[in-house]
Amino acid sequence: MPQSQQQSRILANDPLTAEVFRLTVYSPEIAVAAAPGQFVMVQVSSSLDPLLRRPFSIHSRGADGSISLLFKVVGRGTALLAKARPGDKIDLLGPFGRGFDLSAAEKPVCLIGGGMGIAPLLFLAQELPGRKHALLGARNRDELAPLAKFFADIGCAVQLATDDGSLGHHGFIPDLLDEVLPDVSQVCTCGPSPMMRGVARKCRAAEVSCQVSLETHMACGMGACLGCAVPGRDGSYVHVCKEGPVFNSEELPWEL
Amino acid sequence: MPQSQQQSRILANDPLTAEVFRLTVYSPEIAVAAAPGQFVMVQVSSSLDPLLRRPFSIHSRGADGSISLLFKVVGRGTALLAKARPGDKIDLLGPFGRGFDLSAAEKPVCLIGGGMGIAPLLFLAQELPGRKHALLGARNRDELAPLAKFFADIGCAVQLATDDGSLGHHGFIPDLLDEVLPDVSQVCTCGPSPMMRGVARKCRAAEVSCQVSLETHMACGMGACLGCAVPGRDGSYVHVCKEGPVFNSEELPWEL
Amino acid sequence: METLDLRVRIGALELQNPVLTASGTFGYAKEFEPFLNLNRLGGIIVKGISLEPRAGNPPPRIVETACGMLNAIGLENVGIERFISEKMPYLRTLTAPLIVNILGDSLDDYRELARRLDEVPGISGIEVNISCPNVKKGGVAFGAVPEMAAAVTAVVRGATRLPLIVKLSPNVTDITVMAKAVEAAGADAVSLINTLIGMAINAETRKPRLANIIGGLSGPAVKPIALRMVWQTAQAVQIPVIGIGGISTADDAVEFFLAGATAVQVGTANFYDPSAAEKIVAGLEEYLQRHNEERISTLIGALDTGGK
Amino acid sequence: METLDLRVRIGALELQNPVLTASGTFGYAKEFEPFLNLNRLGGIIVKGISLEPRAGNPPPRIVETACGMLNAIGLENVGIERFISEKMPYLRTLTAPLIVNILGDSLDDYRELARRLDEVPGISGIEVNISCPNVKKGGVAFGAVPEMAAAVTAVVRGATRLPLIVKLSPNVTDITVMAKAVEAAGADAVSLINTLIGMAINAETRKPRLANIIGGLSGPAVKPIALRMVWQTAQAVQIPVIGIGGISTADDAVEFFLAGATAVQVGTANFYDPSAAEKIVAGLEEYLQRHNEERISTLIGALDTGGK
Ligand SMILES: Cc1cc2nc3c(=O)[nH]c(=O)nc-3n(C[C@H](O)[C@H](O)[C@H](O)COP(=O)(O)OP(=O)(O)OC[C@H]3O[C@@H](n4cnc5c(N)ncnc54)[C@H](O)[C@@H]3O)c2cc1C
Ligand SMILES: Cc1cc2nc3c(=O)[nH]c(=O)nc-3n(C[C@H](O)[C@H](O)[C@H](O)COP(=O)(O)OP(=O)(O)OC[C@H]3O[C@@H](n4cnc5c(N)ncnc54)[C@H](O)[C@@H]3O)c2cc1C
Ligand SMILES: Cc1cc2nc3c(=O)[nH]c(=O)nc-3n(C[C@H](O)[C@H](O)[C@H](O)COP(=O)(O)O)c2cc1C
Ligand SMILES: Cc1cc2nc3c(=O)[nH]c(=O)nc-3n(C[C@H](O)[C@H](O)[C@H](O)COP(=O)(O)O)c2cc1C
Ligand code: FES
Ligand code: FES
């Protein structure tokens, strides 16, 4: 999977809510090399402030050399990204990292996403050959409904949960898991850490393999700065951009 | 003339050439306080890089609370300004500095501008009651023609010069001055230093008062940083933002 | 909440809030009158004053750098007598406390400046700039040698009863050594940082961008360095530490309080946002409300290092 | 012009051009293979290596600041033996000269590292990082005390014939004193600057943004300070000075050459533009052509100060 730096033309930057955008760029070299769970490093400004690129998961891949990113405005970099307009160019590096490993998936796979953690799971769903189940959660209906639709559109069985009960189950995603777990051999999850820990705990109990996708601060995305370390199992550190962002939950020192 | 800080709505940002723009903003507090020769400090970016505001002369004032700036893209700040679009807001401070003094103008006034030095002279021409003559110069026809038209439109007698001879006199503005000087009591000039020195020299010989508008690096525009000093006559310094930008040429230590 | 309490103490001086303006970045205050309510500020520190007027350095004196600027103003100022006769009448009309920043080439200069200011009504404190080179000692900076910094502090202390702030240079190996030296010599507070020495070159013309070749770096670029020095200094001395360096928002100011600063000064930000200092006062009130705190003083040194 | 000559000399080492990559910002080079032609570079300096592997600091290890970043990686590295067995085979395939950056807690560490590297084929030079605290001497930084810096330099000099670059810390009052000390102790060149110590705090959570509390500041924000130190150092020593600090364009590099640097290192810029170093090489060629110069060496120290 060769990586590249590509000045990518913006095809669309669609607001899904006031804060969540889907950015589609023409980036054929990155698109062709990308695998689900991998991410790109995006230059959010042509000025030196903010200085560093921002990491975003690849949300989906088009047949036409395009990729989409799903992002939420949480700070200065994402605020700048929200202003990008079709026709502008944006500098992307990637694809980076170790994506989801599905070599052993025989029975259906369950995808579990919370908030912006849903982003990489759509690409994963697109690429998975067999039956797939998606448990998706977010703060409220506004945020969740447009994302849920993407999964339904490609034939996922979708179950939803919102923090405020405005759509689907009123509560957290792991609540929905018990029902689904007996039918799956593989869980892939991305979202807030407490959610992923809850999921990993249930998977361990049910002896189902669980892959989790982590987020952390990154300067380079390519294994050069060693800034993205998080504690690994044996007291040492693992690097999210290189050994991750997707880990088998057993590789992490999560008190389960 | 009270100064103010005003988030000003951009009404238009018209490219006059590939590099020269006329930016019109709705800034009624600054507009009402402004006098010809004064300038505003413009925040060119919402990020911290570039950090400092950029000074621009007030190019014209509309009856409707608007002012226009005329600027050329020469670096990062002006490149950002060129991207400003109608509807955007831009933070302006001003009006600053000592403008042209016309209290003593009895006979017609001659305005002499070179390049972007033409900018403040249009506002001056608008405000001058009597007959006025404008000698305007620039690199070539592309740059000069649209500016010349602004002056003709408000009834100035206009003479032109271009470096490449593509419009008007082939050569420098001071060449045109001899003819005009006998008819004027006051010269107001803004442009490259060599041009202004040439003009000042001829004015002195003809005993015509000459006001020159200077440019220098500025951090604050309001007399606080003392960064805008240039040599004054007596070995000390004058501050362009406060004692200027318009000086009587006799205040400056120009070897005439 | 009507009970918000932003007051802090710098020696005998009580400030209504901890936001001051930094010397050399706020002129003589009047320049900023159109842009903010000067009396909302915790205090005003004016451009450094010397015994005699100084013309300053030749231009160019300033240049923009990445998220910062270099200045080589050369300490241009009107001199103590014109300051008193021309600037003090206006400054006396303000209710915000006035702190006068002084600079000299010799101990005698500093003594004389302090003595003279001690007689002038309307001055709430003196800030001593020790970053200038000592002309008599061959240009060695007072601010880089603890003994010399202590000597300056002691002569000023001996010449005035006004609250005395000593402003420290960051261009040293260990700023806490300097802070301790001036504390022992009688300073009521230290303020830091002054500018970092820097340089910029025009690659095309191959000339320095400042006529003086080197200048002082300030602005957001230096904030991490300033914050670290404030944190180290606050742990090393008993007297209040006043934080300076790249502060342009209330959040920036809070960072300095958490690191141990009792007050802050707003410098370069005044240039790009002349209402910055007042916005910071308002922003601190908003911060306290949001965090359900009544007093700014609870933030001072409240950095949560998890026991480290 | 086919005759463009970008070659420079660092002691016995001739570089095809003066653009190197800075330690800790370029991994072990392989990471950058997709983004630039590694063999176009003047040289490659790899992440600092210690005798034993180091796990580094807990996260968060990095935080963005205004036009810069703070890092507290904690010198994580694979250790000398794994470096030699795992990283050298790839690095040996490159034609660009390889310089290995080393760090230790004691003089013995440095001696042993140099001795070991001296035996390894494919290494063109050693860069000694003296910014780490000396564990044995109670954490006093080698890089802040001239005698200790000289001692490190001398033991490394005694243990290897490889060209020896000593990398200086900017967190000192007078960097020229450090430079002269290591020059006298046998360094073939000095490189500067390493990172400036800084800090950042999350105002909302009241916690340091780095688990280590303090970290090293790098990036465009520090360029003016680095350039000033290079200029001062180039005037103080006879050996080549390698400029580092905020360099991200060819113009930045030219500024450092004019200030007296013989070569430059590209650091933080590699993160936000992984092809930066190669673009700088191309930009320097373009600069020479535009200025009708044949040799990069004519730029070195060519700052036009108008006789000052
Ligand atoms: C591998 C990876 C994949 C990601 N994929 C997506 C995605 O698909 N969609 C999406 O919306 N976001 C994603 N993120 C998070 C995204 O990178 C951050 O939201 C973004 O960098 C914030 O930039 P900012 O300038 O807007 O915020 P800043 O102003 O830098 O910070 C705002 C807030 O976000 C936090 N933050 C900053 N960077 C990160 C980070 N890297 N991880 C977690 N928190 C951070 C800060 O601590 C702060 O609280 C991903 C992160 C990683 C590491
Ligand atoms: C009182 C005053 C009025 C001005 N009025 C106008 C105007 O009406 N129209 C217009 O186009 N320009 C005007 N200028 C010049 C304008 O301020 C600069 O062109 C602008 O600041 C350049 O910003 P930049 O970021 O694009 O360039 P930078 O990247 O900062 O610099 C690009 C080049 O411009 C030079 N430069 C930067 N600032 C100045 C400055 N203040 N004066 C002269 N050269 C500078 C730099 O040295 C460099 O060579 C005025 C300047 C002053 C002081
Ligand atoms: C243009 C300018 C002039 C300054 N003049 C003085 C001065 O006269 N006396 C002094 O003690 N500090 C002076 N300073 C330093 C500032 O007071 C302040 O310490 C420094 O700029 C760092 O703060 P900042 O990053 O907020 O600007 C000056 C700074 C600037 C930018
Ligand atoms: C993430 C990171 C890791 C670094 N690791 C090292 C190191 O291991 N050894 C060393 O000598 N310098 C190290 N440095 C310092 C750089 O080599 C360089 O001196 C400094 O970053 C200034 O240059 P810059 O502004 O171009 O980044 C590191 C810098 C960064 C940002
Ligand atoms: S982000 Fe730089 S090593 Fe992972
Ligand atoms: S620009 Fe600040 S004093 Fe003139």
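The backbone N, Cα and C atoms fix where each Cβ goes, and this holds for glycine too.
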Where TrEMBL shows C:Asn71, C:Ala72, C:Ile73, C:Gly74, C:Leu75, C:Asn129, C:Asn194, C:Thr195 binding substrate, which of C:Lys47, C:Lys87, C:Lys180, C:Lys223 is named for the same site?
-> C:Lys47
TrEMBL records C:Lys47, C:Gly48, C:Asn101, C:Asn129, C:Lys167, C:Ile193, C:Gly219, C:Gly245, C:Gly246, C:Gly267, C:Thr268 as FMN-binding residues. Which of C:Ser23, C:Ser297 is assigned to the same site?
-> C:Ser23
Other than C:Lys47, C:Asn71, C:Ala72, C:Ile73, C:Gly74, C:Leu75, C:Asn129, C:Asn194, C:Thr195, which residues of the same chain sit close to substrate? List them in sequence order, counting a residue when its Cβ is within 8 Å of the Cβ centroid of the site.
-> C:Gly24, C:Gly48, C:Gly216
Please classify the secondary structure at C:Ser23 (FMN binding site) using three-state DSSP.
-> coil
Averaged over the domain 'Dihydroorotate dehydrogenase catalytic' (C:6-288), what pLDDT does the prediction give?
-> 95
Roughly how many angstrom lie between the C-alpha atoms of C:Asn129 (FMN binding site) and C:Thr195 (substrate binding site)?
-> 11
Row C:Ser23 (FMN binding site), column other C-beta within 10 angstroms, all chains, value 25
Taking a cut-off of under 6 Å between Cβ and any atom of ligand 3, tell me which of the recorded positions C:Ser23, C:Ala72, C:Gly74, C:Cys132, C:Thr195 pass.
-> C:Ser23, C:Thr195
Sequence-ordered list of residues in the chain of C:Cys132 (active site, nucleophile) that lie 6 or more positions away and have a Cβ within less than 8 Å of its Cβ, or none, is C:Leu75, C:Leu103, C:Gly104, C:Asp105, C:Ala141, C:Phe142, C:Gly143
Mind checking which of C:Gly48, C:Gly245 has the fewest other CB atoms within 10 A of its CB? They're the binding-site residues.
-> C:Gly48
List, in sequence order, the same-chain residues at least six positions removed whose CB sits under 8 Å from that of C:Ala72 (substrate binding site)?
-> C:Asn57, C:Arg61, C:Ile62, C:Leu210, C:Ala211, C:Asn212, C:Ile213, C:Ile214, C:Gly215, C:Gly216
C:Thr195 (substrate binding site) versus C:Gly245 (FMN binding site) - Cα distance in angstrom = 8
Counting across all protein chains, other CB atoms within 10 angstroms of the CB of C:Lys47 (substrate binding site) number 25
For C:Gly74 (substrate binding site) and C:Gly48 (FMN binding site), what Cα-Cα distance in Å is obtained after rounding to a whole number?
-> 10
